[in-house]
């Protein structure tokens, strides 16, 4: 079964890229506004506008999918792509094709993996930030802010309702304290009642730091210092240490994504063969799976799948993301060129790379990008031919086509996942409002679960190939 051409036309492809790119920008914009914008109302409106744009993109993608024939299981898409490869195998001519100098790039695979992984990290950190942050100033602090709030030390006149909290470390005292606020010019002092939290038992006559409006002391006061009330007074959603802690957490997540993409795809486009690349003739035999750690070489985990290629120098395991049942029978025994970057991992050492970019170039014109374990690649360093030493252009009977079923990610995005994206956006929008603590936690947890459910079928830091539709 061939995939409908409707999705692959120029206009549909452009809409898909624009919508996906806009959704990614929204995922980056929302937490950035929440963490660094200090004006509550414009911040809320900007976030709601961005989320509205994201929902519009989700709807457009959903409509685009329906026009292309609706949702399909990812395995069906893979089977359709393999079917085309099988037909190409039957059409391959008997002549030996030259070693290709130019290959279809793997940049699309790398970019999708990076954007999807970074997007998931950003969405998780964004929902957490929205959940733990404060969307606006409290009503009293807002009135004080509008009237020119200042911090001041005042004297406690009366102390009541003193009790000691039980916490890890020192147990603080909380109390209700009546203080005298300096009055405005030519007016007498004004009494105000505040709630204090101190490590020493409060007594009448103690100095208490409060936030109040000198021009309107009748508004009242809030007990606290710059460290406690400063972020709220400035309109920040959280203290600086929490804000930068979330940024560091996001950065660590991005590093983990980049490390995983480097392991699975490398960072090289591997589209133009150069002096360090080699190629060897071989034929595809079967798909296999490792059953214990490092069975496939240094750093290779268990359950990793590979395509077995027989060459004149022995068996080679080509590492790529592929699931059962694997390539069709028509591909078994098909001749191909195995190309790889022979310079990676030659220095050795604990921190050296464990994989090197590689590609299978079938005589039928299909190209599968993947990786070789450097230990296996080192064993082939004297085998085959050096691509850089070959003269003349490479001519092929069949144009080269890259095997990349994940490029059709929109077809395999189910209605459930579209629903998860909508729920996540709705929860993010609700969290920009001042909710009761219980409701706030409930909405934040719902949004976080929606992100995790929506991400799980698509992105996996484990070595196993992803089984369902993904980017």
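Keep in mind that glycine also has a Cβ here, set from the backbone N, Cα and C atoms.
Heads up, TrEMBL stuff is auto-annotated, nobody curated it.
Going by TrEMBL, these are the annotated features:
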- 18-37: transmembrane segment (TRANSMEM)
- 43-63: transmembrane segment (TRANSMEM)
- 113-133: transmembrane segment (TRANSMEM)
- 241-258: transmembrane segment (TRANSMEM)
- 409-433: transmembrane segment (TRANSMEM)
- 439-455: transmembrane segment (TRANSMEM)
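Annotation: stretch 43-63 has the most Cβ pairs under 8 Å to the transmembrane segment (409-433), among 18-37, 43-63, 113-133.
Among 18-37, 43-63, 113-133, 241-258, 113-133 has the largest number of CB pairs under 8 A with the transmembrane segment (439-455). Counting only same-chain residues 6+ beyond the ends of the transmembrane segment (18-37), those with a CB under 8 A from a CB of the stretch are 43, 46-47, 50-51, 53-54, 57-58, 60-61, 64, 115, 118-119, 122-123, 125-126, 129-130, 133, 237-238, 243, 246-247, 250, 421, 428, 432, 471. Outside the transmembrane segment (241-258) by six or more residues, the chain places 31, 35-36, 113-114, 117-118, 121-122, 124-125, 128-129, 132, 461 with a CB less than 8 A from a CB of the stretch.
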